[in-house]
Amino acid sequence: MAKNYPVVSAEYQEAVEKARQKLRALIAEKSCAPLMLRLAWHSAGTFDVSSKTGGPFGTMKTPAELSHAANAGLDIAVRMLEPIKEEIPTISYADFYQLAGVVAVEVSGGPAVPFHPGREDKPAPPPEGRLPDATKGSDHLRQVFGAQMGLSDQDIVALSGGHTLGRCHKERSGFEGPWTRNPLQFDNSYFTELLSGDKEGLLQLPSDKALLSDPAFCPLVEKYAADEKAFFEDYKEAHLKLSELGFADA
């Protein structure tokens, strides 16, 4: 979809760059890239293309949205970010949380995802139940990412590769463990591990395994496992689209 990005002031652009520097330092110091990426994704992934509600508009800071089961643990991210936000009040929460996701990927060795400022904060959080369920298969992934958010099959597989960062926590999701050997390094190892089968100590969710059994998803898994550069290019595009759902639509 064509975008018509708002023009922001020089002062606002300066605030964005200051926030970027502060985020780099925080994420490097606290090794919290996976948590910040999850915050950005869960903030944006509530967008519903038919009703034009939800999306990356700063509502994750509300107790109502933080209480959604899929967001368990994200209150930690919100609390970690608040001192920077208080220091840089000019930037919207909407931009700030998406910028945190962009910086998380960059600091971890991933691609430089473009960032366009100008999202405005919205007061009302989306209803619960719009984020993907890790226990379900490819039909569910297409319903949530495709029909609800308006993303493509390629976007679904590329974004799944973001699980190269982080781990599941039993108390948050019911699952336990990392997807890869180095959960703080953004690379294509999610795909290589997925293709190599179950391994002790590494996690493969039902939604991960669904990528292998689907005739459209599996060739993309194989492509990204063989070609990290191709994965980075497609991930960059998919992350950008996710971070701008409902924002600056022409």
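Note that the numbers count up from 1, one per residue, in the order the chain is shown.
Glycine too: its Cβ is placed from the backbone N, Cα and C atoms.
A quick note: this is a predicted structure, and the numbers were derived from the prediction, not measured.
If you check Swiss-Prot, you get these features:
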type: ACT_SITE; residues: H42; note: active site, proton acceptor
type: BINDING; residues: H163; note: heme b binding site
type: BINDING; residues: T164, T180, N182, D187; note: K(+) binding site
type: REGION; residues: 113-137; note: region 'Disordered'
type: SITE; residues: R38; note: site 'Transition state stabilizer'
Checklist entry - Among the binding-site residues T164, T180, N182, which residue has the largest number of other Cβ atoms within 10 Å of its own Cβ? => result T164
Checklist entry - Reported as an integer number of Å, what is the Cα distance between N182 (K(+) binding site) and H42 (active site, proton acceptor)? => result 22
Checklist outcome for this item: The answer, for which of the recorded positions R38, H42, H163 has its Cβ ringed by the most other Cβ atoms inside 10 Å, is H163
Next on the checklist: Among all protein chains shown, how many Cβ atoms are found within 10 Å of the Cβ of D187 (K(+) binding site), not counting that one?
Outcome noted: 18
Checklist outcome for this item: Within 8 Å of the Cβ centroid of T164, T180, N182, D187, the other same-chain residues by Cβ around the recorded K(+) site are L165, W179, R181, P183, Q185, F186, N188, S189, Y190
Checklist outcome for this item: Integer Å value for the Cα distance linking T164 (K(+) binding site) with H42 (active site, proton acceptor) is 16
Next on the checklist: Within 10 Å of T180 (K(+) binding site) (Cα to Cα), which of the recorded positions R38, H42, H163 do you find?
Outcome noted: H163
Next on the checklist: I need the CA-to-CA distance for D187 (K(+) binding site) versus H163 (heme b binding site), whole Å please.
Outcome noted: 10
